[in-house]
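> Submitted below is the structure of interest, expressed as structure tokens.
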Amino acid sequence: MDAKKPYVIAIIIQFIYTGMFVVSKAAFDHGMNTYVFIFYRQAAASLLLLPMALLLERKNVRSLSPGLLLKLFFLALIGITFSLNLYNVSLKFTSATVASATTNAMPVVTFCFALLLKMEVFKLRSSSGIAKLAGVSLCLAGVFVIAFYIGPALSPINHHRVFAPSHTSALTSSAPSRMTWIKGTFFMVLANMAWSLWIVLQGKLLKEYPNKMLMTVTQCVFSAVQSFVVAVVAERDFSKWSLRLDISLLAVLYNGFVVTGVTYYLQAWCVEMKGPVFLAVWNPLCFVFTIFCSSFFLGEIVNLSSVVGGILLVGGLYSVLWGKSKEIKNAPCGKVNTMDDADDDNCHHKPQEQEQPTSASIVEQV
């Protein structure tokens, strides 16, 4: 039974992320401001994580130097505040299916950033190098297919939406214009690029300061403050900040507590047991779940472009992951790239003490 636990946990994680895409989209369809939503989400996450950090890491708080705090501030600005705000705007412009599909490109984008920062190796003449190049190409093709190709629409499973918005908001959100759809798709890609850059930079900073709990909580608090400033500038009508007992409140609580709290723990456990590549392999399952759930709960009309583009993105993901695994298998002991967390069993016989974010990992830490 213990051997099956990582597989069960990985599936549960994908279910949780499916719920995040669907519930967040439903809240935006009901008219919730995306910037206000991010502030509430990060504030809820801070309220959850800050007491835990003070209880478990109070002796290490003084180790956070001013220089380190400044680095964490900019990390939070890039990878959380900017990325999440742009991501939610794009989710409002497109659909939950597109959001889930483009997530599969994140490990590939992270690999590209790691390559630019000389944290990754790329040998074009090797089979692993060809696989990585093919993965990047497939991801680019997938993004362009989603953005520019429409294709026939697939009828929704449930024509009566479970999360039915008001008549006014339904008219404005159900049929985005073609230009809005294209803009939203590329906003989603840009948000994933910011998130991927955050993963790479955080990986470098973890070598300097390996306390994951304090790094996570500090960035979460910083992002809550930053998101508040952004929300105040974007939405000055404070009557629209009120949370009612509807899908908007559910979305805030779900994202703040379940996604940030429960998923963070489950992903950390799963990565520690099986490594980041194992977790990334399960990402396409979230895409399948989201197609079904967004159609059933939101009544979304899924276009063929989203399905074809998603398949290309999944192909790109697996191509890069195969190239990485091939590279690790062929590397001599001690020569495996530092961006890879999965140790070669022939080189290491002791358990891993700590995992670092990698180009194959999309572990959400806040």
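Placed from the backbone N, Cα and C atoms, the Cβ positions cover glycine too.
Annotations in TrEMBL come from automatic prediction, not curation.
Per TrEMBL, the feature compositional bias 'Polar residues' maps to 354-366. Marked as domain 'EamA' by TrEMBL: 7-147, 183-321. Per TrEMBL, region 'Disordered' is recorded for 342-366. According to TrEMBL, the feature transmembrane segment maps to 7-28, 34-56, 68-87, 93-117, 129-150, 181-201, 213-233, 245-266, 278-298, 304-322.
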> Using DSSP, what is the helix/strand/coil residue split across the domain 'EamA' (7-147)?
120 helix, 0 strand, 21 coil
> Do the transmembrane segment (68-87) and the transmembrane segment (213-233) come close, with at least three CB pairs under 8 A (pairs 6 or more apart in sequence)?
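Per Cβ check, the transmembrane segment (68-87) touches the transmembrane segment (213-233).
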> How about long-range neighbours of the transmembrane segment (93-117): same chain, 6 or more residues beyond its ends, C-beta under 8 Å?
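Hits for the transmembrane segment (93-117): 17-18, 21-22, 24-25, 87, 132, 135-136, 139, 142-143, 146, 176, 180-181, 183-185, 187-189, 192-193, 195-197, 199-200, 204, 280, 283-284, 286-287, 289-291, 293-294, 298, 300, 302, 306, 309-310, 313-314, 316-317, 320-321, 324, 339, 358-362.
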> To what whole number does the mean pLDDT across the domain 'EamA' (183-321) round?
84
> Short question: which residues 6 or more past the ends of the transmembrane segment (245-266) have a Cβ under 8 Å from it?
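For the transmembrane segment (245-266), the nonlocal Cβ contacts are 9, 12-13, 16-17, 19-20, 23-24, 26-27, 30, 32, 37, 40-45, 47-49, 163, 216, 220, 364-366.
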> Could you break down the residues of the domain 'EamA' (183-321) into DSSP helix, strand and coil, giving a count for each?
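Final tally across the stretch: 120 helix, 2 strand, 17 coil.
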> Quick test of the contact rule: Cβ under 8 Å, at least six residues beyond the ends. What residues does that give for the transmembrane segment (213-233)?
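For the transmembrane segment (213-233), the sequence-distant neighbours (Cβ-Cβ under 8 Å, at least 6 residues beyond its ends) are 33, 35-36, 38-39, 42-43, 45-46, 49-50, 52-53, 56-57, 60-61, 63-64, 69, 72-73, 75-77, 79-81, 84-85, 202, 205-206, 241, 260, 264, 365-366.
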